[in-house]
Amino acid sequence: MKMLIKNVTAVLPDGSTPVTNIMIDKNKIAGIGEVPEDFRPAKVIDGTNHLAIPGFVNAHTHASMTLLRSYADDMALMDWLNKEIWPAEAKMNDEDIYWGAMLAMLEMVRTGTTTYADMYGPWMERVAEATIDAGLRGVLSRGIIGVAPDGEQKIQENADLFRQFNGAADGRLKVMFGPHAPYTCPPKFLEKVAAAAQDLGAEIHIHMHETMDEINGSLKEYGERPFTWVEKTGLFDGKGTLAAHCVHLDDSDFAILKKHNIRVAHNPGSNMKLASGVAPVPRLLQEGIVTALGTDGTSSNNNLDMLEEVNLAAMLHKVNEADPLAVPAFTALQMGTEFGGKAVGIEDIGRLEKGYKADITLLNMQGPAWCPRNNPVSLLVYSANASSVDTVIVDGNVLMEKNELKTLDEERILFEAQRCADRITK
Ligand SMILES: CSC[C@H]1O[C@@H](n2cnc3c(O)ncnc32)[C@H](O)[C@@H]1O
Ligand SMILES: [Zn+2]
């Protein structure tokens, strides 16, 4: 189907923001600019007073964890996982996974995210189902904890997930392998994950170097930093790696990141809330390492609002480096969009440009946060919030138009998610 977004202020890849027209043909952007006479759209969206941006790419989350939002706060990572999160997750069933994921879909659509990279499980097929039902683009991995007795079975489940869903839903689903972290997956086990992923040509999604405890624990147990010994398992030798966090990095870690083109998902909100530290984002960007943004799960954030992460990325590194240019506004926006596409290994998302996928978010610029209109990118990153998002398009399909949801039943999702959460947490 042909669709036209007319008279919209569009954030183009060079950061300019002309008032223009976006032409969509099937699932792609067919052109931006003057509308040719022979372009006859079946649907027209009036973009007057709206800002069009590429849909946000959440490069690291745990969607079904929405059920644990506001359940365990103000703790450091390992206490939080061991004492609260893992016992609660042990009570989840496949219905919880589905409705938790549906609550995440609802929040992502409402806040303008069009693609997300997830690590969770078991029952990741229910997350796939939720993604298909909602119409989002999902990069799914079965979270694998190797120290558990059923570690090998989890590798098989990840392989099954890949076979069943990689490329499914018109290519909207992609599957990676999800070894949880170096402290839950010993070297011999990671060798097996690496072999299984490489057999299938799958990429890796893993938490790396999140806290100083992780680094110190690894130095104690293996005499080496996690990146050093994980590299020796061959995990980074396959199709590609998405490493979440990368908060604590020395020169040897930077060398490994560059050697293997490892892409980083920076999670400023989660890193602040769990008091994990501040990732060296300005240096990552300077050294040409693909650095995207993620929310992490909603028990360490506590929401899936990518515009908030864009704002946090722009603000946190300024104060940390005492440098207002540490992460400029447009760079932060690129981290949440274009760099996100690269990080999740989908090269044709994240830019408003001919040939790219029609994954587009529109924000209503009426209201005080958007006035005066001196600089739309600045208004977006520093002034507005995601309540301005009113229209979301993924793969050429409209998921929300002028705040009206097209694929999701909000009332039902909120009811079912509360019911599931009550069973787990009460
Ligand atoms: C085995 S599925 C994924 C696993 O990861 C847990 N998790 C959520 N947030 C974090 C984080 O910041 N660091 C490490 N692990 C995290 C989640 O609860 C699942 O158990
Ligand atoms: Zn995480």
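A Cβ is built for glycine as well, from the same backbone N, Cα and C atoms used for every other residue.
For reference, TrEMBL has these:
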- HIS60, HIS62, HIS207, ASP296: Zn(2+) binding site (BINDING)
- GLU89, ARG142, HIS180, GLU210, ASP296: substrate binding site (BINDING)
- 52-398: domain 'Amidohydrolase-related' (DOMAIN)
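Positions of the features from TrEMBL, shown on the structure.
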{"residue": "HIS60", "record": "Zn(2+) binding site", "CB count, 10 Å": "29"}
{"residue": "HIS62", "record": "Zn(2+) binding site", "CB count, 10 Å": "26"}
{"residue": "GLU89", "record": "substrate binding site", "CB count, 10 Å": "22"}
{"residue": "ARG142", "record": "substrate binding site", "CB count, 10 Å": "28"}
{"residue": "HIS180", "record": "substrate binding site", "CB count, 10 Å": "21"}
{"residue": "HIS207", "record": "Zn(2+) binding site", "CB count, 10 Å": "27"}
{"residue": "GLU210", "record": "substrate binding site", "CB count, 10 Å": "28"}
{"residue": "ASP296", "record": "Zn(2+) binding site", "CB count, 10 Å": "29"}
Nearest of the binding-site residues (GLU89, ARG142, HIS180) to HIS207 (Zn(2+) binding site), judged by Cα-Cα distance: HIS180
Per-region confidence, the domain 'Amidohydrolase-related' (52-398) (mean pLDDT, whole number): 98
DSSP three-state assignment (helix, strand or coil) for HIS207 (Zn(2+) binding site): strand
Where the C-beta lies under 6 angstroms from ligand 2, the matching binding-site residues among GLU89, ARG142, HIS180, GLU210, ASP296: ASP296
From binding-site residues HIS60, HIS62, ASP296, the one whose Cα lies nearest ARG142 (substrate binding site): HIS62
Distance, HIS180 (substrate binding site) to HIS60 (Zn(2+) binding site) (CA atoms, angstrom): 12
Close-lying binding-site residues around ligand 1 among HIS60, HIS62, ARG142, HIS180, HIS207, where CB distance stays under 6 Å: HIS62, HIS180, HIS207
HIS180 (substrate binding site) - helix vs strand vs coil (DSSP): coil
Separation of alpha carbons, HIS62 (Zn(2+) binding site) and HIS180 (substrate binding site) (Å): 11
Whole-number Å value for how far GLU210 (substrate binding site) lies from ASP296 (Zn(2+) binding site) (Cα to Cα): 12
